[in-house]
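Student: Attaching a single structure in structure tokens format; questions to follow.
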Amino acid sequence: MIQHNKWRVVDSKNIADINIEIYGKNEEDLFKNILQAFTEVITKIDSIKEKEELSLKITGKNLEELILNFIDQLIYLKDASFMLFRNGKFKLMFTKEGYSLFALLTGQKITNGLPIKTDIKALTLHKFKVVKLKNKFKVSLVFDI
Amino acid sequence: MVSIHGFNFKKREDSEFEMEKNYEGATLRIFAEEKLLTKMDQEVFLQGRNVAQLPGLVGPVLIMPDAHSGYGAPIGTVFATDAKSGFVSPGAVGYDINCGMRLITTNLFYAEIKNFLEKLLNLLFELVPAGVGRKGFLQVNRSELKKLVTEGVKYLIKSKGIGWVEDIKQIEESGNIDGADFSFVSQAAVDRGISQLATLGSGNHYLEIQKVEKIFNAKVAKALGINEINQIVVMVHCGSRGFGHQICSDYLRIFESRLSEFKIVLNDRQLVCAPIESQYAKRYLAAMAAAANFAFVNREAITSQIRRAFEKIIGRSAEELEMKLVYDVSHNMAKLEQHQIPDKIGGKLKREVLVHRKGATRSYPGQPVIIGGSMETGSYLLVGREEAMTKAFGSTAHGSGRTMSRARAKKMIKGQDLWQKMKNQGILVKSASWAGLAEEAGFAYKSISDVVKSVATAKLSEPVAYFKPVGNIKG
């Protein structure tokens, strides 16, 4: 599993699921790394072909809700449409109503040949935290796998 | 007094300890032999104490011997809240609503199937999709799904001809939890449910061919269809798939957005709850019942595929092979039940309570209980005891319980090496993922025998038979 300055698995001693920290130098970078961490937990991201494109608009009243809604959407697309994504372009807009995320995701449907490591079934609220550090964002989360 | 991770526990009875109360809230009791108690991770106690501080609790919060840290409540938690003035917590039911176990008999013996085992596993792997991104054989539209999750297993049998009528009475609540309301289920849950119906899933979910290794109570075993050593049985562990997960996620978010209205202070967001009498709690319970029915239907559909596979490989009908359902029991659910609750003057009052069981099995007197172990070590059939009613809201353990993280297990063994090791032990495995296989290595779990010994000495349930795996399918 890839572990670098974009995201890392925190090996909590006795947890049945997976605890991850994801970083981003700005909000758009954070969403890109969230997408890649999500996909890498499930499969080897390099084995995903960028065959299909999907544009999404996700809203949230703050950054935390926007992240929750974005990950929920990734889980939904995996289960309902069998889609996994390798890459994405993100644009964030802030209005009076809150945040809007415009995403253009590229990836493929899950096929028999795709090496599956595990499934992400839900994003829990347990230990879920978004913090803005001096020059980057950090998200801590636990996936139910 | 036993001290672990900075917490003190007083022994009450055999395999029953109580946490020293230096916090506001309900009593926390742990059913475990001392050797299991001292091996529990600190998070179990921290999370258990958080649960004990939830509002509206009736009686103690109970932790089972197989407990391990979860999110919000530990896996292996039981508690009750008042049916009128209490609260419901979706996180304390769990994402995989009505994740559960089912056990199916055969009249075959290990020697008869040994040479066909690989073929049988290959066919089962084809007929019962496991892992990620595989559709099941049961294709339904929205209106059919609505019927399935509001009427349960009976509808599956009646409308689709899938399953046996005699299975119904062997399923908890006859495979249909009352009160399911499809209008409180989101479209996202429906879409995830339609694409995953009749599939096993991944993680610790499995379909296992086992042989009877030991019989502890021959009379009860015989009544349940377990007759002889080396008899072949089939065990299934799975739940409500994405349908249940989405319902849990949806209602956690809805409840959290209303938290200030409910005036509840929480130690963990995952424990968010709503007053039972609120419209939000009622909607959750109706959606939860739909998810529970989805899980019952899912396991019945999988059973039908198991019978097909045996018929094809063995060349005899499932009826001839006596592939009867022993029992199907949930271990993630909230249910309204009547229990004797101690009153303030030393007596007991019968009250209706909402019992939350997360990673804990209902264990009513005489009711079959299935405790599934790791894929290397085997599983147990037990029956509930009368004492479970007074001690544990009629509950017991559900499995082995992890002792290490999945990440750590994968660092310790490769899936391919575990596969070979198990083959050498006489256990064939078909897995959708090598990494997923490594995560489920036997050493990542507590001893199932220690767990069963704990629930037996705590008088929650009584062992009937022990099964050893010979073939396993996992996602």
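Quick reminder: no glycine exception, Cβ is built from N, Cα and C everywhere.
Curation plays no part in TrEMBL annotations; they are all automatic predictions.
OK, TrEMBL features for this one:
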type	residues	note
ACT_SITE	B:His398	active site, GMP-histidine intermediate
BINDING	B:Asp96, B:His205	Mn(2+) 1 binding site
BINDING	B:204-208, B:331-332, B:372-375, B:Ser379, B:398-401, B:Lys474	GMP binding site
BINDING	B:His237, B:His331	Mn(2+) 2 binding site
Student: Where does B:Ser374 (GMP binding site) sit by DSSP, helix, strand or coil?
Tutor: coil
Student: Taking the Cβ of B:His398 (active site, GMP-histidine intermediate) as the centre, how many other Cβ atoms fall within a 10 Å radius?
Tutor: 30
Student: Other Cβ atoms within 10 Å is the metric here; tell me which of the binding-site residues B:Asn204, B:Asn332 scores highest.
Tutor: B:Asn332
Student: Just to be sure I understand: of B:Leu207, B:His237, B:Asn332, B:Ser374, B:His398, B:Gly401, which recorded positions have a C-alpha no more than 10 angstroms from the C-alpha of B:Asp96 (Mn(2+) 1 binding site)?
Tutor: B:Asn332
Student: Would you pick out, from the binding-site residues B:His205, B:His237, B:His331, the residue whose Cβ has the largest number of other Cβ atoms within 10 Å?
Tutor: B:His331
Student: For B:Asn204 (GMP binding site) and B:His237 (Mn(2+) 2 binding site), what Cα-Cα distance in Å is obtained after rounding to a whole number?
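Tutor: If we compare the Cα positions of B:Asn204 (GMP binding site) and B:His237 (Mn(2+) 2 binding site), the gap is 8 Å.
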Student: Using Cβ atoms only, which residues of the same chain lie under 8 Å from B:Leu207 (GMP binding site) while being at least 6 residues apart in sequence?
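Tutor: Result: B:Leu124, B:Val128, B:Ala130, B:Leu200, B:Val234, B:Met235, B:Val236, B:His237, B:Ile302, B:Ile306, B:Asn472, B:Ile473, B:Lys474.
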Student: Can you tell me whether DSSP puts B:Asn204 (GMP binding site) in helix, strand or coil?
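Tutor: DSSP assigns B:Asn204 (GMP binding site) to coil.
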Student: Measuring Cα to Cα, how far is B:His331 (Mn(2+) 2 binding site) from the residue listed as 'active site, GMP-histidine intermediate' in Å?
Tutor: 6
Student: Just counting, how many other CB atoms are there within 10 A of the CB of B:Asp96 (Mn(2+) 1 binding site)?
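Tutor: Result for B:Asp96 (Mn(2+) 1 binding site): 28 other Cβ atoms within 10 Å.
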Student: So how many other Cβ atoms are close to B:Gly401 (GMP binding site), meaning within 10 Å of its Cβ?
Tutor: 31
Student: Write down the Cα-Cα distance for B:His205 (Mn(2+) 1 binding site) and B:Gly401 (GMP binding site), rounded and given in Å.
Tutor: 13
Student: Can you name the residues of this chain that are 6 or more positions from B:Ser374 (GMP binding site) yet have a C-beta less than 8 Å from its C-beta?
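Tutor: Spatial neighbours, sequence-distant, of B:Ser374 (GMP binding site): B:Ser400, B:Glu440, B:Ala441, B:Gly442, B:Ala444, B:Tyr445, B:Ile448.
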Student: Between the Cα atoms of the residue listed as 'active site, GMP-histidine intermediate' and B:Asn332 (GMP binding site), find the distance and write it as a whole number of Å.
Tutor: 9
Student: Please classify the secondary structure at B:Gly401 (GMP binding site) using three-state DSSP.
Tutor: coil
Student: Should B:Asn332 (GMP binding site) be counted as helix, strand, or coil on the basis of DSSP?
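Tutor: Going by the DSSP assignment, B:Asn332 (GMP binding site) falls within a strand, counted as strand.
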